[in-house]
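Trainee: The structure that follows is given in the form of structure tokens.
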Amino acid sequence: MIKTVKDVNLKDKRIIMRVDFNVPMKDGVVQDDTRIRAALPTIKYILEQGARSLVLMSHLGDPSKDAKKAKEKAEKDGKPFDEEAYINGKHRMKPVAEYLSGLLKLPVDFAPSCMGQLERVKALPQGGILMLENTRFHKEETSKEKAEQQILAKELSLYGDIYVNDAFGTAHRSHASTAEIANFVNTRVAGFLMEKEIKYLEPMLNNPAKPMTAIIGGAKVSSKIAVLESLLKNASSLIIGGGMAYTFLKVQGKKIGKSLFEEDFMDTAKNLLDKAEKQGVKIILPVDHICSETFSPNAEAVLVESTDIPDNLMGMDVGPKTLALYKEIILSSKSIVWNGPVGVFEFEAFSKGTEETARLVAAATEKGALTIVGGGDSVAAVNKFNLADKMSHVSTGGGASLEFLEGKVLPGIACLDTI
């Protein structure tokens, strides 16, 4: 078990804490504060315990990569591009520090860099909070060279006696502020958000209450194959939806019309189906579809009542017969993990499958099942349908929760002290 902030004495200690404040920004204004609010319990606890100071660090997008993409798009559209204004509007932590200050009703000081801030840290009043600038303004943060990462990690380690990692969303990244820093601080513990994520995800991987159902959706088999393989070990049923379902249907010799499929992953999909059959895991693929002729929000929805899709159509969502199968399985499950939508829920006409899946998972939760929703799109879906609070746990880490469920060791967790 990893140690948390509750396992160490924080009184009069200087704390350096990695948070995940990678929030959507527009013109220097926070658009969604979910991730900031998620860190508040740990921040408040540290302050209540009488810490000497609290230094917070986070990335906020990837300034150089994002600016390069935005510049290319502007050039393509024949529009002017002001790189400095773009970065100031999207990647600066100062507005986040001000926003946090408003939530805490406490002053939050801001440092314009992650390097050379020791005097500023020392000058903080008792219980003072300092927010460092975006860690990714320093190339050392994400460097592939360990020695280069260590330059930033050593500097950051000077700001605290205790390192707290509460950024589950970046726990799968081996960066200077998420893992390397732990080599230069004697006490390394998890915050409450990190602890909560592990508490809910670990049983799904190692010892879930049976029957256990995994609902895996999204566009590509390639990005989900490792999690499918991993969940196969414990799942009683595997519901495969979204764009990736058509690769599996094609393997079974079904007609998929113009639907998305991955030629290169046909063999992988076939092996997975064979493995599931050997292990007695029930695989549920769509038996009917909501289709359209084009991939667009205004496309006309066409119900195809069979598994085979006509040549002129593409699958966009699951149909009512498929949802009836989902209902039977989901409502009889004791644990459920859901990663990825089962249709193009962003388009109103093709959102029913994902909405109904969310409602079924919520109903199973009410019946006592342990339910976890992870992955950006499925989280966005439960939020869209106002069902997030009806799930046992909605994970804050897209890639991190996926890698955790794949059974991978996450650097941001592996670097912490254990009991």
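Placement of Cβ uses the backbone N, Cα and C atoms for every residue, glycine included.
Below are the features I grabbed from Swiss-Prot:
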BINDING   ASP20, PHE21, ASN22, ARG35, HIS59, LEU60, GLY61, ASP62, ARG136, ARG173  substrate binding site
BINDING   LYS224, GLY315, GLU346, GLY375, GLY376, ASP377, SER378  ATP binding site
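Context for these features, please: burial, neighbours, distances.
Mentor: Within 10 Å of the Cβ of ASN22 (substrate binding site) there are 18 other Cβ atoms, across all protein chains.
For LYS224 (ATP binding site), the same-chain residues lying six or more positions away in sequence with a CB closer than 8 A to its CB are ILE216, GLY218, MET244, ASN339, GLY340, LEU402.
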Trainee: So of all those binding-site residues, HIS59, GLY61, ARG136, which one's Cα sits nearest to GLU346 (ATP binding site)?
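Mentor: Out of the listed candidates, the nearest Cα belongs to GLY61.
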Trainee: Relative to the Cα of ASN22 (substrate binding site), which of the binding-site residues GLY315, ASP377, SER378 has the closest Cα?
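Mentor: Sorting the binding-site residues by distance from ASN22 (substrate binding site), the top entry is ASP377.
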Trainee: Within 10 Å of each Cβ, count the other Cβ atoms and name the one among the binding-site residues HIS59, ARG136 with the highest count.
Mentor: HIS59
Trainee: Indicate the candidate from ASP20, GLU346, ASP377 with the smallest number of other Cβ atoms within 10 Å of its Cβ, considering only these binding-site residues.
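Mentor: Result for the binding-site residues ASP20, GLU346, ASP377: minimum number of other Cβ atoms within 10 Å at GLU346.
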Trainee: Measuring Cα to Cα, how many Å separate SER378 (ATP binding site) from HIS59 (substrate binding site)?
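Mentor: Between the Cα atoms of SER378 (ATP binding site) and HIS59 (substrate binding site), the distance comes to 23 Å.
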Trainee: What does DSSP assign GLY315 (ATP binding site), in three states?
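Mentor: DSSP assigns GLY315 (ATP binding site) to strand.
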